[in-house]
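Novice: Quick one: the structure is below, questions incoming.
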């Protein structure tokens, strides 16, 4: 039987966590009923009941790699030691 700690915390038994789909970090809510209280996993929703993050789930479609993007944003300016420019491949050093 779980006990309440001095901080007011209680361990939810594994069987109940699994039945409710509760995982570490999830929010739960307690609702008063005629017979006591109900515990349920709190689902993130908006006023209309939709998940506000649903449209952001999945993988981003990218056409360039991060190094390519950084070179484009820097104006193709070489930042790495020994990196050559695209014009002639000459680093400017004499042989």
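For all residues, glycine too, the Cβ spot is worked out from N, Cα and C.
Here TrEMBL flags 1-44 as domain 'SpoVT-AbrB'. According to TrEMBL, the feature region 'Disordered' maps to 22-95. The compositional bias 'Basic and acidic residues' annotation in TrEMBL covers 29-44, 66-82. Under the heading compositional bias 'Acidic residues', TrEMBL lists 83-95.
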Novice: Going by DSSP assignments with H, G and I as helix and E and B as strand, what are the residue counts for the compositional bias 'Basic and acidic residues' (29-44)?
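Specialist: Counting residues per DSSP class in the compositional bias 'Basic and acidic residues' (29-44), I get 0 helix, 11 strand, 5 coil.
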Novice: Mean pLDDT for the domain 'SpoVT-AbrB' (1-44), as a whole number?
Specialist: 90
